[in-house]
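S.K.: Encoded as C-alpha cells, here's the structure I'll be asking about.
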Amino acid sequence: MSNQVPEKMQAVVCHGPHDYRLEEVAVPQRKPGEALIRVEAVGICASDLKCYHGAAKFWGDENRPAWAETMVIPGHEFVGRVVELDDEAAQRWGIAVGDRVVSEQIVPCWECLFCKRGQYHMCQPHDLYGFKRRTPGAMASYMVYPAEALVHKVSPDIPAQHAAFAEPLSCSLHAVERAQITFEDTVVVAGCGPIGLGMIAGAKAKSPMRVIALDMAPDKLKLAEKCGADLTINIAEQDAEKIIKDLTGGYGADVYIEGTGHTSAVPQGLNLLRKLGRYVEYGVFGSDVTVDWSIISDDKELDVLGAHLGPYCWPAAIKMIESGALPMDEICTHQFPLTEFQKGLDLVASGKESVKVSLIPA
C-alpha cells in the first residue's frame, strides 16, 4: 500500500444483534482487479437498524436460517474516493485514482441463474455490502470494491451525504418501475422517509394523474410536497381511504407503493386500491404481517409485486441528485462522525427528528 494509506483504521464491527462496536482494524488490502476506497459518507438504512435489532430476516428463526454474518463491517449506502486500483479495475469501471465513486449495494457472483439472465439484483449467493464477510461495508475509513462490483462515478461538486443517497434513491426508483405507472393513474406512496420520498419523486417523473403521499409526521408530509406529491394525507388525523375513494369516483387508487415496513401499511394498501390495482411492496419488516388474502384474490384480483434493491436505476438516481431535482439538504438531515455511530442508530430508531442520517468517517 502507498504511504498515504495507514495500516490501521477505525470501523464499526457487527458482533451480533445489539452488539456493534467501534474497533481498530487493519485497512483492507485490495486484490488484483479491485479498488481501495476512502469512505466519505455512509448512510444508516432501516435495514441496518432492523439487523441491529435482530430481525428474523437477518438472523433467522424457526422458518429460515440466518442470512447476516457476524464480524462484518456494516454499511451498504456509501460514497468514497479511489485511493488505489490497477489497470484492470480502471479499465473495467472507467475510473481513476481520485475519482468519487459509488458501488451498487450487491456484489453479484455473475455465475448463477439470475446473474446470467441479467437479474443480478437477485444473485443467489446474495452478497450485500455490510452483511457478509465477503463484502465488508462502509462504516469504516476505507473499504474495497471487489472486482465483481458495479461501480458508478459521482460528481465531486455535491456533499458526500448527498452522493451516498444514490443507494436508497435507486431502490425507490426500482419500486416505481415495478408499478408500471401510466398517465391516468392515481398513485399512493406510503411513508415519507428516505425511501418514500424517492418513490414520490420517481412516481411524479412518470406523469400520472396524481401522486398522493401518506405519513403521520407533518414535517415529512411537507417534504413530500417538495418531492412532487400532489396531495398529502396525515393518516393519524384523516381518513385516507375515504379521501382517496372520493377523489377517484369511489374506485380507489390504481397503484399503492409501500415503503415503510410497518405492518399496518399492508392492509391499508389493500383497502385503498381499486379492483385490478397494483400493490408494490418495498418495505423490510421486523415482524410477520397477516392480511386477508381474499382481498387480493376473490375481492379485487390485485397484482402484488415485490421490489428489491435498485437494479438498472443507479444512473437515473445519480442524475436526479446531481441535477438538484430533490431537496437534498432537507432529506439529509443529520451527519455524525463514525465514533458516534450509536447516536446515529438511535436517532434513526426514534423515527422522529431525522430523515436520512449519515456517518462521516474521519
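Just so you know, glycine gets a Cβ as well, placed from its N, Cα and C.
Pasting the relevant annotations from Swiss-Prot:
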type	residues	note
BINDING	Cys45, His76, Glu77	Zn(2+) 1 binding site
BINDING	Cys109, Cys112, Cys115, Cys123	Zn(2+) 2 binding site
BINDING	Ile195, Asp215	NAD(+) binding site
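Give me the local environment of each listed feature.
M.R.: The DSSP secondary structure for His76 (Zn(2+) 1 binding site) is coil.
When secondary structure is read from DSSP and collapsed to three states, Cys115 (Zn(2+) 2 binding site) falls in the helix class.
Summarising the environment of Asp215 (NAD(+) binding site), the number of other Cβ atoms within 10 Å of its Cβ, over all protein chains shown, is 24.
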S.K.: With every protein chain in view, what's the tally of Cβ atoms within 10 Å of the Cβ of Cys112 (Zn(2+) 2 binding site), excluding that atom itself?
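M.R.: Its Cβ has 16 other Cβ atoms within 10 Å.
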S.K.: On the three-state reduction of DSSP, what should I expect for Cys123 (Zn(2+) 2 binding site)?
M.R.: coil
S.K.: With every protein chain in view, what's the tally of Cβ atoms within 10 Å of the Cβ of Glu77 (Zn(2+) 1 binding site), excluding that atom itself?
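M.R.: There are 28 such Cβ atoms around Glu77 (Zn(2+) 1 binding site).
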S.K.: Closest of the binding-site residues to Cys112 (Zn(2+) 2 binding site), Cα to Cα, picking from His76, Glu77, Ile195, Asp215?
M.R.: His76
